[in-house]
Amino acid sequence: MAMKIDPSDPRLHINNNNNNNNNNSNNNNDDDDDNNNNNNGGNGISCRHFDPQEPTKQCWICDIQVGEKSMHCKFCNKCVDQFDHHCMWLNTCIGKANYPYFFRTMVSLSIMLLIQAVIQIALILDIYLGSDSSDASNSSKERAKAWFGVETTVLPVVVVMGVFILFSLVSLSLIGQLLIFHLKLQREGITTYQFIVRDNQNRRERTKKENDLKLRRLLAVGKAKEECNNTLVFRLEKGGMLREKCGLTCCDPLKMEDEENNNNNNNNNTSTNNSNRNFEWSQ
């Protein structure tokens, strides 16, 4: 269902349907029937309902007003309602219309891979640890010999099953990681695209702070050298090295300076709030 449902913006879908109807009106009735059955404005079933009061924006590629949370996918060449990401494995965009089915697909795959791995492990354990019953032909060991035509040992069977277990566990770890990631996104109420945008913004801000810190350190080292304060120069250089290499900030004088400034700002804010409260009570 995640592949059959068209996640395009419903405004785009309606616009495409109107254009198709206008084009088909110039053809004969037979052609109209064929085109109406084949052209549905997308790659499958679409969600046509939307809130007319929802804020919109202009997509200059589709040349139409779409929802504020819609994004144009360069792979599908259409605007997707509440765009999450383009799934290369399903060869379709994931948006508001098909995201629930995409999530269920991940859950189903995780459960299937887990059951498959558990059954294979149980069969291997039964082959080696299973009790010898009077009816030996029903044991897993004898059935494995009969199925694979092995007469003396079941080691090849165990090796093959071990390879499949490895594939199942690797696939389960990958799908499970993706599932956990989307559970976190749902808890935060954001999409994959919004997460990527936020992560890139955080990286830019972090890089800017690191560059500002390096500049401050160079200026502080230069000032300490002018004052012949070798102890401060040593602390600044070694503290910066520990901060960059090991993430330790306890020995960095600049970190202590930042904490002192933050404490002063907090104290000033507290004093301002107390003054405002006293002023309100006095009135």
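Backbone N, Cα and C define each Cβ position, glycine as well.
Bear in mind that TrEMBL entries carry predicted annotations, made automatically and left uncurated.
Given the structure is predicted, the values throughout are model-derived calculations rather than measurements.
Listed features, source TrEMBL:
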REGION    1-47  region 'Disordered'
COMPBIAS  1-12  compositional bias 'Basic and acidic residues'
COMPBIAS  15-28  compositional bias 'Low complexity'
DOMAIN    54-196  domain 'Palmitoyltransferase DHHC'
TRANSMEM  106-129  transmembrane segment
TRANSMEM  157-181  transmembrane segment
REGION    258-283  region 'Disordered'
COMPBIAS  262-276  compositional bias 'Low complexity'
The predicted model's mean pLDDT over the domain 'Palmitoyltransferase DHHC' (54-196) is 85
Its residues classified by DSSP, the domain 'Palmitoyltransferase DHHC' (54-196) shows 82 helix, 20 strand, 41 coil
